Every structure is written in C-alpha cells, then in structure tokens.
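For 1-24, the entry in TrEMBL reads signal peptide. Feature annotation from TrEMBL assigns transmembrane segment to 227-250, 292-320, 326-350, 362-387, 393-415, 453-472, 484-510, 522-542, 554-582.
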Amino acid sequence: MEKRKSSVMLCLILVLICAAEVRSDASDHRYKTGDPVPLYANKVGPFHNPSETYRYFDLPFCSPDHVKEKKEALGEVLNGDRLVSAPYKLDFLVEKDSVVVCRQKLTKEQVAKFRSAVNKDYYFQMYYDDLPIWGFLGKVDKEGKTDPSDYRYFLYKHLHFDILYNKDRVIEINVRTDPNSLVDLTEDKEVEVEFMYTVKWKETDIPFEKRMDKYSQSSSLPHHLEIHWFSIINSCVTVLLLTGFLATILMRVLKNDFVKYAHDEEAAEDQEETGWKYIHGDVFRYPKYKSLFAAALGSGTQLFTLTVFIFVLALVGVFYPYNRGALFTALVVIYALTSGIAGYTATSFYCQLEGTNWVRNLLLTGCLFCGPLFLTFCFLNTVAIVYTATAALPFGTIVVIVLIWMLVTSPLLVLGGIAGKNSKAEFQAPCRTTKYPREIPPLPWYRGTLPQMAMAGFLPFSAIYIELYYIFASVWGHRIYTIYSILFIVFIILLIVTAFITVALTYFQLAAEDHEWWWRSFLCGGSTGLFIYGYCLYYYFARSDMSGFMQTSFFFGYMACICYGFFLMLGTVGFRAALLFVRHIYRSIKCE
C-alpha cells in the first residue's frame, strides 16, 4: 500500500513539474520600437476538416528567401503544428500601408491549386508573438447563380493586420482580408498577382496577463453558460432520481431479505422468492478469462488516474487557450508515468484470483489499450503521409514516442507488476465457494448481457449528452473549451451514475440466481463508451460538415480509441462499485 501511495505521489510531482514547464512556454517578450516581433505561418486547410491541414507553403504563396522552421515541442508536433517564418514583417510599432510582399506569376497549375483551396473553404493560421490569427484564402461568388459551373472564385491578395499594444508588449492582433483587393481564379490561365499587406498599431489598457481572455470568453458567454448549467442540473436530477430509486426500492428489498434470512427456520419457504442468498456458494467464484479481466481492470485504473491528473492540470489553468500542444504533451507524459499503476493493479488482482502466469498477464495489460491505439495510429499516419498532411508525424517524433514507451512506460509497467505480485494481497470473500458451480436457471431475454448493457449505458450517457456537443465542437472544430470546472462536475456525475446503475443491475442479476456477475458488471459499467461512439455517428452526419476520406478516418479512428478508453475506465468503476456492494450484502448475512 505504501508503494502504491509513493508511486501516485511521484506521478503527481512529475505532473506538476510538467505543468510548470508547459506554462513557461508562454511568450513574455518586451519590445522597443522597430524590434522584430516573431510571426510564424502555421498551416492551411479546409475549415470544416480540422484534421486535414497542410503546411502553409504547400500552396504557392510568396515565400521568404530562407524559410526558417521553428523548433517545436512534442505536443505541438502531435497537434499538427508546423511553424515556419512568414513572409510578412510586423516590427514593433512600425506602421505600413499597402507594402508589396512579392509579385508572382501563377501558372495554370498554381491557379487550379488556389481555386481548389478557395472552393474547399481553406483558412490559414499564423502565430504573432504566440497569439493566434486566422483568415480565409478567398471567396466563392455564388450570388444569382444556380449552376456550380457559373461560380466565380477569388483569392484575397491584401491582408490588413490590426495590432494592439500596451507599452512594450503585444496584447492583441487581428487580420482582415480586403474584399476589394481580389484576384480572379475562375479560368485556367496564368495570372499576375501582387501580394500586399498593411499594418496598423493602436494602444490599449488591457494588461498583458489578460491578453488570452478574449479567447476564453467565447466559451463562457451567458447563453453558453446557461446551457452548461442546464446540462449540470439535468444530470443532477438524473442522479437524485437514481439514488432515490435505489434508496427506496433496493434498500427496502434488501432490508426484507436480511429480516427473512435472519430467521432461517421461518424463511425456508421464502428463500425461493429472493435468490441472492441462495447462490452464496457461487457468487465469489472467479470469472472466466481472469487474466484478461485483471488486465482490463489494470488498464481501466490507469486511464482513470490519467483522467484525474488531466483534470488537476486543467483546473490549475495549464490548458489555457492556444497553449499549443500542452494537452498532448500532458497525455503522453502522464500515460507513461501511470503505467506502473496499471501493472500493479492488474498483477495484484490476478494473483488474488489465484492466477499463476503473471508475466503473460503483464504483457496483456501493456497491450490491451496501447495495442489498438498503436494499430490505429499506424493506419491513420499512413493516410496522413499519403495526403502529405501535417498530421503525419515526422520520423524523429515517432522515435521519441517509441523511446518513451521503451524507457519509461515498459519499465514502470514491469516494476508495478513485480510490486503487485509481491503484495501478497488475498481476495476477501465473505462466503466460501462451493466445489461445483450451481446451474443458472433460464432467464428472460431482457436479462441477457446486451439488453442489460443497453439499460446500463443509457442513463450515464443521458447525464453527459448536452456537454458532449461542446466537447466535440472543441476537439473536432474551432470552438474553444475553457469551462473545465463544469466539465469536472459532469465527470463526477458520470462516475456516480455509472456506479449506481451497475450496482442496481448486479442486484437484480443476483436476485435472479445468476452468479456470473463479474464480467457483466464490467460490461454494463463500460457500455457508456458504446453510446458515446453512437453519438459520434450522429455528430458526424447531423451536426458537422466534415467530409473526405482522411477526415472521416481520423474522426472515427481516434474516437474509437477514446471510446474504448472510456469503456475500460467506466467498466472498472462499475465493477469496483459492484464488488463493494456484493461484499457488503454477503457480509451482512450468515451463510451456511
């Protein structure tokens, strides 16, 4: 137990160190008049396909003589950021008016490339002193035209940069495209283009510490907050109804059971009505595929710990808007550091179930979540390479991730497994298990595994349904999610509802004299993950404008991994709650 506490404390310390490093990445530069301020062009891509982004100079823009690439952290590369020096020079407090960047003669192929980008609603993203700026490449003129062949395509050639400053610091930047300065790209012919830009500076009273607030405000507008709080109230009502149901129905039934079982001679006939005491000799019989079961518990416990640490970092303000790659860095680092928890939990539980091949169990634990994630990544990275998208990880980044897995994740997993094997913990069953299993009576169809999973997953999913839209719009769109306190409350509600519904279904299963509750409780607890994946289908087809093979494969591929992680995590929560409940009720009666 002491080893377990120390490992959790070590993880927490390392996470806070990681948070400090991530926070220190924020730009805090002071400038004098005429000082060059770093401006980096990041990427371009279809506005409705957030995963499908390309390098800025993949399109034939004016490029500087020497394109300088910015050195990026692991999380930034995972996020698809590829920052390079931009052709515009925005020196501190130096105003410019219609400065020509370059004159370019676009070939037919380059015109077709720009036209395709404008047609797909491409946007560009840049960073100026670590502040994000966006703009669209052009526009499609559809006014009064019904036939797509009559549409006209225009490229914006003049950018207006409006920059706010406070003394010697940059506070805010906006970019506007000049609607009157256009290049017609409709026809396949060579076009002369003169790319220009204008820079205007204006003083402001906004302090430097609050320059990121405007990005946070979009997610905390009054009408958004009302919806968020409505979501929480809806979820709380669900929890109260469920707990009230359990308190009044389950506890009353259990109380009657205890009274009956306390008077054995009087209750001999009544035992046929409520059969959970009837199967006391089988209820703690170890489940089938116990190595897989222990591995699933270990992986679920690790993912639960990972989620808690991510919430800790979010609540202390690490994931402020456009802290590039902070979330991905934290996920990789914390997952690597918490692998010891997975090894310890899986092996100790496997040994409690009298398993002998703990090494195989440890290997299974290491591969249970990482295996599907790795295979998905290999496929999607190949797709990104074919598309030459920025989502394709460079070879060096893949080597770094493999080294983290080999030098941190695997050793900690093995150390945790060894600690779990040597923990000498015993499975505390209040009843002795009989030698031969009792036959399970025939049960109606609605007591089967799949109908029970459908019932178990629906309530927790309904508690988080409203909040899911905002999370999806942030992860798979361009909205910013910053209200982590509300998200944390929703997460707590999700855990409570999952635990309660699993306990209720476990009781009904035992009352029907079905003693194979181990896997059932895990599957029922985790079934919310399947509902979330079902919501993915609804969101993709009904609520988003995503299209194309790459975006579709990225959305459904990575969401499958996320939902699988939720399945393991909530399955673990459901089983642990059911195990506590089953131990409690069988400890409360005298079993012969």
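Every residue, even glycine, has its Cβ placed from backbone N, Cα and C.
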Contact set of the transmembrane segment (227-250) with the rest of its chain, CB cutoff 8 A exclusive, min separation 6+ beyond the ends, reads 459, 462-467, 470, 483, 486, 489-490, 493, 496-497, 500-501, 503-504, 507
Quick check for me: are there 3+ Cβ pairs below 8 Å between the transmembrane segment (453-472) and the transmembrane segment (393-415), leaving out pairs under 6 residues apart?
no
Per the Cβ filter (under 8 Å) with a sequence gap of at least 6 from its ends, the transmembrane segment (362-387) is approached by 52, 291-292, 294-296, 298-299, 302-303, 339, 342-343, 346-347, 393, 405, 409-410, 413-414, 417, 549-550, 553-554, 557-558, 560-561, 564-565, 568
Under 8 Å Cβ-Cβ from the transmembrane segment (393-415), and at least six residues away from its ends along the same chain, one finds 74, 77-78, 332, 335-337, 339-340, 342-343, 362, 365-366, 370, 381, 384
Contact yes or no, the transmembrane segment (554-582) and the transmembrane segment (292-320), 3+ Cβ pairs under 8 Å, gap 6+: yes
When counting C-beta pairs under 8 angstroms to the transmembrane segment (326-350), the leading stretch of 292-320, 484-510, 522-542 is 292-320
